[in-house]
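Here's the structure we're looking at; comments come further down.
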Amino acid sequence: FLGITFLGIGLWAWNEKGVLSNISSITDLGGFDPVWLFLVVGGVMFILGFAGCIGALRENTFLLKFFSVFLGIIFFLELTAGVLAFVFKDWIKDQLYFFINNNIRAYRDDIDLQNLIDFTQEYWQCCGAFGADDWNLNIYFNCTDSNASRERCGVPFSCCTKDPAEDVINTQCGYDARQKPEVDQQIVIYTKGCVPQFEKWLQDNLTIVAGIFIGIALLQIFGICLAQNLVSDIEAVRASW
């Protein structure tokens with residue numbers, strides 16, 4: 001049911017953006033569409049939930065084996081990704097830098113992507129991939145003379161330092177922020193990039209993050225063992241007929 005809910009949210013979001021009426025628009029977005037997260041996660045959850053639940057209720061060994069194999073593949077991919085991320089840390093950092101900058105270019109192309117970037121910058125108190133000047137990649141915020149936008153040489157409001165006394169968000173707080181000297185910029189906006197801030201957050205919360213991943217891994221192993229035990233019991237009963 002949770003998988004269906006995620007799928008429904010994803011399809012509703014695409015319908016609101018007109019993607020369902022023009023499927024080709026999926027490729028028009030230069031950056032990452034967050035709706036894909038809902039669709040992929042929802043699809044995987046639904047397939048796993050359906051195979052495991054119906055397989056157990058109907059004592060269907062094919063569905064149970066599919067459930068355990070599918071879950072095992074996911075566990076193996078997660079383990080491989082974790083090892084590769086540890087071994088190729090610099091490469092991962094470069095890919096993260098490329099990913100963030102690619103989405104900075106497409107900041108205004110999709111409202112969901114825009115909200116995701118704003119949330120990331122506000123949560124980690126950062127601006128751009130490695131600094132506020134990364135916003136030169138966006139056609140609305142770059143500092144070139146040919147840019148007629150009012151946001152020229154500025155940054156999105158999510159880069160601005162927050163005043164606790166302000167209840168209403170000032171969406172124009174980043175205007176002309178990068179035209180100021182660097183010392184003055186630090187008063188108005190976050191000058192640290194999101195990649196270094198993410199690394200710092202990961203180091204500060206390493207125990208919690210590791211605990212979450214270990215917990216997920218144990219749940220997956222437990223699910224595989226339960227499915228295989230049930231398959232063995234079913235096959236043993238059938239063999240005695």
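From the backbone N, Cα and C atoms, a Cβ is placed for every residue, glycine too.
Sequence-distant contacts (6 or more apart, same chain, Cβ under 8 Å) of C126 (disulfide bond) comprise T120, C159, Y190, K192, G193, C194, P196, Q197, F198. Marked as disulfide bond by TrEMBL: C126-C159 (among others).
What TrEMBL lists as disulfide bond is C127-C143 (among others). Sequence-distant neighbours of C127 (disulfide bond) (same chain, 6+ residues apart, CB-CB distance under 8 A): Q121, D134, W135, V155, C159, I189, Y190, T191, K192, G193, C194.
Summarising the annotation, TrEMBL assigns transmembrane segment to 35-57 (among others).
Here TrEMBL flags 69-88 (among others) as transmembrane segment. Here the transmembrane segment (69-88) has Cβ contacts under 8 Å with residues 44, 47-48, 51, 213, 216-217, 220-221, 223-224, 227 of the same chain, all six or more residues outside its ends.
Look at TrEMBL and you will find 208-231 (among others) tagged as transmembrane segment. Tertiary proximity for the transmembrane segment (208-231) is limited to same-chain residues at least six positions away from its ends with a CB under 8 Å from its CB atoms, namely 52, 55-56, 59, 61, 64-65, 67-68, 71-72, 74-75, 78-79, 82, 202.
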Residues satisfying Cβ distance under 8 Å from C143 (disulfide bond), sequence separation of at least 6: N136, R152, C153, R178, Q179
